[in-house]
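For reference, the structure discussed in these notes is given below.
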Amino acid sequence: MLQLPDWPAWASRTFLVLAAITGTVAIGERVSAKNSGKEDEDKPSGERLKEFRAFQRQYLTVYTIIMGADWLQGTNMYTLYQSYDVDISALFITGFTSSAIFGTIVGMYVDIWGRKLGCIVYLVIEVIVNLFEHVNNFPLLLLGRVMGGVSTSLLFSAFETWMVSEHRKRGFPEGWLADTFGTASFINGMSAIVAGICAQLAADRLGEIGPFQAAIALTVLALFFVVFWEENYGSSDEEGKKKEGEKESSTNAGVAFKAIMSDRKIFLTGLVNSLFEGAMYSFVFMWVPTMLGALNGRPLPTGLVFSSFMTCMSLGGLLFSPQLLLGIMSAEQLAVGVFLVGAAALAVPVFSSGLIPVLLSFIVFETCVGLFFPCLGLLRSKVIPDAIQGSVMNIFRVPLNILVVVGTKLTDIYPPVPKAFRRSRLLPWRSQS
């Protein structure tokens, strides 16, 4: 007989309620779009549709696996490091800094050495990093975080550029790229939710290292698919543009800095983007210890709670649509609302340590995060010229990095988890019930 997981009732009910709400909103939005005749406007069609769908499946199969593996690693990282009794903030800061540094140069080398090779290198690094997580050795864990920064940069450059280049090489219409990107975005959201549940099941059976072992298995599986991909490189035209871009990079940076200083809208858009993302990345580090403190020694099902938060992000993305919030207010008004509500939500744990207030505030904040990404993307496209948008946002990564480092290091001054409860999550719930 199938035995249901023995998870805390509050966590199970929270996830089920949020999933039901998000599913209802998604169905309602789909019906509204269908009735308005917009649903099928941009769907691919024609003689080459079958060939395109086969190519799309080839890419999206790997994308689904790698994103699932990536999300699996995030659910129990804090509690794993906590069980090792190491400097958790130093490890998180190292990973974030490594990603920020290597993110600026990895893309260039991927184009030169080959996108398929970049994908394979990513998968190999991920296996090594997750093997390092099995060892309670701080220098090795630190090296793993540095390598993790490199792999993160590869994840968000190699796979997408391979798909785009292969799409064009095969001669598919440019407009069909939107279908692949849209499907990938939906898969990413679903992968995060499912990964949280799977991580919880793995942790229940294998301990805190369980999700990392599952991630290794998925990464190796993805490797078997990627080796059959065709290699592609930056085209000669792309390389010419790249060389041109390298010559003009310092000029673009100067133009971007001048635009920031002279245009109040560009300055404010970049600033609010950095401030909110700084709060978001700090939240990624802080939510687990804050929840542990609120639970006063009771077990925290990190994977299940993570799935609830990812459901909230999906809900926020759904709410940002012409049929819903964007239909009744402008993007600027919506952004102000997101910032105010998000700030109020994060203020709750400052004044209350109860489980229900803290959990509800985190649910509200994650919904705001889901609204933030499309909202700020729209505002950036309206305010910052395309020619300098990348340079402007790179400049604003400086205050973003500072905010994350300061926010993370503050936990060394004021630990959010009482010492008596710091190891409580390591006990199986069945032994505490």
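Backbone N, Cα and C atoms are what each Cβ position is placed from, and that goes for glycine too.
The shown structure was predicted, so the numbers you read here are calculated from the model rather than taken from an experiment.
Features reported for this protein in TrEMBL:
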TRANSMEM  15-33  transmembrane segment
TRANSMEM  54-73  transmembrane segment
TRANSMEM  88-110  transmembrane segment
TRANSMEM  117-132  transmembrane segment
TRANSMEM  138-159  transmembrane segment
TRANSMEM  180-203  transmembrane segment
TRANSMEM  209-229  transmembrane segment
TRANSMEM  266-288  transmembrane segment
TRANSMEM  300-321  transmembrane segment
TRANSMEM  333-352  transmembrane segment
TRANSMEM  358-379  transmembrane segment
Range from 54-73, 88-110, 300-321, 333-352 with the greatest count of C-beta pairs under 8 A to the transmembrane segment (180-203): 300-321
The transmembrane segment (54-73) touching the transmembrane segment (209-229) per 3+ Cβ pairs under 8 Å rule: yes
Intrachain residues whose Cβ lies under 8 Å of the transmembrane segment (266-288), provided they are six or more past its termini: 74, 78-79, 89, 92, 96, 259-260, 300, 302, 309, 335, 338-339, 342, 346, 362, 365, 369, 372, 376, 379-380, 383-384, 392-393, 395-397, 399-400, 403-404, 407-408, 411, 416
Range from 117-132, 300-321, 358-379 with the greatest count of C-beta pairs under 8 A to the transmembrane segment (88-110): 117-132
Distant-in-sequence neighbours of the transmembrane segment (15-33), which means Cβ under 8 A and at least six residues beyond its ends: 39, 193, 304, 307-308, 311-312, 314-315, 318-319, 321, 323-324, 363
Distal contacts, the transmembrane segment (333-352) - CB-CB under 8 A, six or more residues away: 272, 276, 279, 283, 290, 294, 320, 325-326, 358, 360-362, 364-365, 368-369, 371-372, 375-376, 379
